[in-house]
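Quick look at what Swiss-Prot lists:
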DISULFID  Cys148-Cys252  disulfide bond
DISULFID  Cys230-Cys244  disulfide bond
DOMAIN    146-256  domain 'C-type lectin'
CARBOHYD  Asn56  N-linked glycosylation site
SIGNAL    1-21  signal peptide
Amino acid sequence: MMNTRALLPLSVLLMATLCLCELPIPILQRFVRSVPEECPIADPSDFKFSITSNRNKTGHWTAQVRLEHGEHEQSGSNQHNRDLWQVDLEQTTTTCAGVKSVQIITTITAPPPTAAPSIPPGYELSAVLGYYKFHKTPKTWDEARIICQQEGGHLVIINSEDESKVLQNLFSKVTKTEGATNNDYIFIGIHDRFVEGEFITIFGKPLATTGFTRWVDSIQPDNAGGNENCGSMHPNGGLNDIPCPWKLPFVCEVEL
């Protein structure tokens, strides 16, 4: 399960001017919350920002910056990744008419918001996993892969037993597909076209990295006839190797 969206970054400019005069060592704290509600972003994250400015033992002014922000949930593989926020700080000390002042200018650049994917008609949402569409019209493995790409998704890759069960449920709703070479299998996004027996995903990742390697039985994959180079799934959720030119139903996936 898996991609990039380009939106302008969000910049927040904070300026604080500290007037020294005869006051004690100044401490500036600012707490900035998320961008205004009217900003159309898909996943706003609260953040907390603070600056502490003081004079050290040598008489120099220093500023300490602290930034805390929320966690973004990235699409592509159901993994939580912390986006990088950039903090730039400039501090200057000036004297005007005998009065010293410290000026701190801080720019916080937040990552661009992630837009929600556009889901084509016919896809069903499975919570946490993604969107799936069962194509009943039989196609070859290559035709199925292209159709999924045209819909903005990809030929499904099974990453867990839970995902296998989702596909089993979709498969169970179709008893027979007219024109299919075999009604016991559906195409999925793995193959061993490059090296026999070494199955990889349509993205070039080894099958072992998907998190799901359960074959339909202990015999598979057997490369029967010497030309079974494309992946399929049995109604029991197990994997099998199938000739790529066969025409089978298939499932497309759009990741969360």
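Note: Cβ is positioned from N, Cα and C throughout, glycine not excepted.
Sequence-distant contacts of Cys252 (disulfide bond), defined by Cβ-Cβ distance under 8 angstroms and a gap of at least six in the same chain, are Tyr123, Tyr132, Lys133, His135, Ala144, Ile147, Cys148, Glu151, Gly153, His154, Leu155, Val156.
Here the Cα atom of Cys230 (disulfide bond) is found 68 Å from that of the residue listed as 'N-linked glycosylation site'. Here the residue listed as 'N-linked glycosylation site' is positioned 72 angstrom away from Cys244 (disulfide bond), judged by their C-alpha atoms.
DSSP states for the domain 'C-type lectin' (146-256), grouped as helix (H, G, I), strand (E, B) and coil, give 24 helix, 28 strand, 59 coil. Neighbour counts of Cβ atoms within 10 Å were taken for the disulfide-bonded residues Cys148, Cys230; the minimum is at Cys148. Packing around Cys244 (disulfide bond) is summarised by its Cβ count: 19 other Cβ atoms lie within 10 angstroms of its Cβ, all protein chains included.
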